[in-house]
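Accompanying notes for the structure given below.
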């Protein structure tokens with residue numbers, strides 16, 4: 001959550017703020033208009049967010065306050081190790097409020113996974129106390145199994161979508177392409193891509209074993225449950241090393257921890273006198289002695305809450321299970337507006353070639369002049385400059401870079417925000433430029449024209465000619481992605497979509 005709120009604070013204004021690429025105020029106004037201009041139960045169900053009840057006159061400040069409050073609260077929980085149901089519920093509501101106005105920028109499966117994990121975390125904690133070892137409120141087995149049910153669905157959903165999806169998963173060839181064509185490769189992926197064919201086949205088999213077989217270990221007793229937890233955590237660590245998949249893999253480790261009991265985790269804690277182990281043992285003895293006494297009112301309430309929670313999870317799991325069993329399985333989908341129980345999956349299909357959209361600007365009066373000099377904008381992490389080393393950013397997440405990856409194998413008509421981005425670069429808006437790694441027109445007059453060029457990218461061969469010249473990538477032009485545009489020519493485009501016209505800072 002700390003990373004998620006940090007990403008939100010750094011990028012929300014540029015993406016969904018007042019002058020964002022897809023302003024959330026406009027989105028909420030359209031939702032309100034669809035429901036006859038009222039903020040009623042239907043509107044709240046369609047987009048559950050506390051922003052409905054706030055003053056929209058300064059949306060940038062609202063987004064900043066929600067992000068900063070969430071960042072401070074989650075950092076407190078992380079640093080102190082103290083949490084209660086109230087704090088966890090606040091964090092869940094804050095992030096839910098951002099996700100539901102984030103539109104495509106928050107359309108990734110790990111956003112729903114974070115919300116489901118956070119919802120489970122509410123019931124893992126005591127109601128009020130902020131003690132690291134709260135008394136009388138041990139985690140319910142219902143909640144523990146809620147986490148186990150989550151990791152079961154995450155892994156099995158990912159495995160089934162692969163087997164039912166791209167044939168390369170069945171032919172054991174997907175890993176021949178994955179490292180090069182994943183959204184944001186890292187330096188390890190550069191070398192892993194050149195592994196021999198038999199190693200890539202072995203990787204694919206291991207992936208199928210981890211995702212399709214290992215999840216059932218959860219139901220085969222304590223030892224196999226622990227083996228499940230170890231294998232899943234090891235698998236996620238390997239994925240973290242070989243790619244920049246945001247905080248997805250870090251987040252997936254969390255429910256895997258529920259596979260371990262106190263005995264198996266005991267080695268992590270000190271055995272010194274007065275240490276955690278001794279205090280837990282004393283608490284357990286005290287709890288055992290009090291079992292002979294009548295249950296307190298609070299214990300009854302807690303039991304009712306836990307049973308109600310279990311029934312809710314079971315009920316919301318019905319469409320999810322139906323989806324898992326369906327030959328038309330969909331991944332990363334929510335069947336309820338609060339995203340409490342969701343479907344998951346990853347890389348159901350693998351792109352065999354990597355294409356990139358490269359944005360270029362020129363100061364030339366005529367964009368069709370053969371003598372025009374076009375200069376390239378680089379993004380924070382996605383491939384662009386052939387000599388720039390792939391980055392290591394996990395668990396951080398550059399949302400624009402990821403959406404540019406999707407845009408590259410679609411058209412600009414399907415991603416109108418790309419043209420919006422071009423307009424903002426023409427105006428040299430500082431906030432938008434903060435999403436970019438380089439501005440070739442820094443300290444100069446803004447470009448007169450921006451265009452999008454489509455390229456095919458491939459890793460250079462380690463030790464080869466291009467690598468010896470310092471190139472991590474080689475590329476070949478496919479053609480134009482969108483034609484040259486200027487700010488004046490985009491005026492009607494902005495007006496038709498009610499987007500604020502870019503103003504030069």
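Every residue, even glycine, has its Cβ placed from backbone N, Cα and C.
Among the features that TrEMBL reports, transmembrane segment is placed at 62-79 (among others). Long-range neighbours of the transmembrane segment (62-79) within the same chain, counting only residues 6 or more positions beyond its ends whose Cβ lies under 8 Å from a Cβ of the stretch, are 1-2, 4-6, 8-9, 12-13, 16-17, 24, 50-51, 54-56, 87-88, 90-91, 94-95, 97-98.
Marked as transmembrane segment by TrEMBL: 86-106 (among others).
Here TrEMBL flags 106-264 as domain 'Lipase maturation factor 1/2 N-terminal'.
TrEMBL lists 197-218 (among others) with the feature transmembrane segment. Outside the transmembrane segment (197-218) by six or more residues, the chain places 148, 151-152, 155-156, 158-160, 162-163, 169, 172-176, 224-225, 227-228, 231-232, 235, 259 with a CB less than 8 A from a CB of the stretch.
Beyond the transmembrane segment (304-325), the same-chain residues lying 6 or more positions past its ends with a Cβ under 8 Å from any Cβ of the stretch are 123, 140, 142-143, 145-146, 149, 153, 156-157, 160, 333, 335-336, 340-343. Taken from TrEMBL, the feature transmembrane segment applies to 304-325 (among others).
For 340-483, the entry in TrEMBL reads domain 'Lipase maturation factor 1/2 C-terminal'.
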**Item:** Residues of the domain 'Lipase maturation factor 1/2 C-terminal' (340-483) by DSSP state, where helix covers H, G and I
**Value:** 31 helix, 36 strand, 77 coil
